[in-house]
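S.K.: Once you've had a glance at the structure underneath, I'll fire off some questions.
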């Protein structure tokens with residue numbers, strides 16, 4: 001997850017649990033706002049964009065913060081600085097969205113122009129796919145094969161009447177099984193003599209999140225203290241917000257195609273960007289470490305499950321809010337090893353690319369199995385071509 005990549009500052013395990021709870025809580029609220037008042041597409045808003053990594057890494061390494069001797073105090077001050085930058089940067093999205101200026105720009109987003117944009121939304125996140133899966137092949141490969149097997153080769157098997165269980169719920173079925181498998185491997189000592197990187201990626205008890213999380217905790221604004229504002233931090237964060245706006249616009253277009261909905265007109269895209277700016281403002285108020293954007297994984301999941309109902313997304317948003325208040329439950333879900341998500345990313349990001357590149361409906365029906373080819377070949381070819389890509393910040 002992007003917030004994991006940027007938060008290499010010192011913090012206590014209890015603080016990490018609080019960050020996770022704030023992320024879940026704000027993601028649930030933002031998703032409800034977007035599905036009720038924004039674009040009204042079945043999209044989940046949360047999780048953060050990789051575009052935010054660079055400005056947040058810049059804030060973390062700021063000399064004025066690094067000179068603080070106490071590690072936990074440095075973490076608190078860093079959180080306040082990130083909060084202030086997010087609050088200021090959110091004004092860009094709010095102004096461009098509600099003034100309909102972004103709608104004017106979106107008029108130039110033709111299908112030919114949006115195809116590479118949406119394609120790069122999926123391909124640009126390849127580092128969260130195969131590279132992370134390779135950190136723990138013991139659970140990453142089984143997860144990848146299990147999802148492909150259920151959703152592609154067993155999709156016509158219907159054990160319960162006429163409901164295509166394996167086609168619609170491959171993620172819900174596969175994640176618990178592979179997660180339990182990972183717990184068994186951890187308890188059996190399979191990673192006891194492995195490297196630190198392998199243990200961090202594979203173990204389900206790597207961060208003691210469950211023991212440090214409170215049973216009940218309601219996230220509240222300014223839980224890290226009053227935010228601090230800096231012009232340098234704010235301008236750096238604004239650049240990430242602009243990139244996130246383009247990325248989200250592409251995700252909205254892909255979501256409308258996957259949900260078989262009418263392509264969103266300019267004013268709807270502009271309204272969605274405005275509400276997304278409100279979401280970034282909430283991220284800054286609640287201290288979620290990173291700004292929110294449309295979840296590309298969720299967009300790919302629309303194509304995988306063929307379920308494009310807003311009601312389903314709104315119910316999932318309610319679950320996010322519920323689990324954010326019950327700290328132990330949220331920590332349990334946060335203990336899922338990253339390679340399990342990476343296996344899903346290899347499939348879901350490939351679906352995002354596939355669905356927007358194939359515009360002709362007849363060709364789309366003939367090429368239904370195409371994403372399973374490109375999700376591995378394209379992701380792997382990019383990885384081979386960029387072996388020197390900087391993976392640490």
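Here the Cβ of each residue, glycine as well, is placed from N, Cα and C on the backbone.
Automatic, uncurated: that is what TrEMBL annotation is.
The model shown is predicted, which means the values in this text are computed figures rather than measured ones.
According to TrEMBL, the protein carries these features:
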TRANSMEM  20-37  transmembrane segment
TRANSMEM  43-60  transmembrane segment
TRANSMEM  81-102  transmembrane segment
TRANSMEM  108-126  transmembrane segment
TRANSMEM  133-154  transmembrane segment
TRANSMEM  169-191  transmembrane segment
TRANSMEM  312-330  transmembrane segment
TRANSMEM  336-353  transmembrane segment
S.K.: Of the listed stretches (133-154, 169-191, 312-330), which one yields the highest count of Cβ-Cβ distances below 8 Å with the transmembrane segment (20-37)?
M.R.: 312-330
S.K.: Please identify the stretch among 43-60, 169-191, 312-330 with the greatest number of Cβ pairs below 8 Å relative to the transmembrane segment (133-154).
M.R.: 169-191
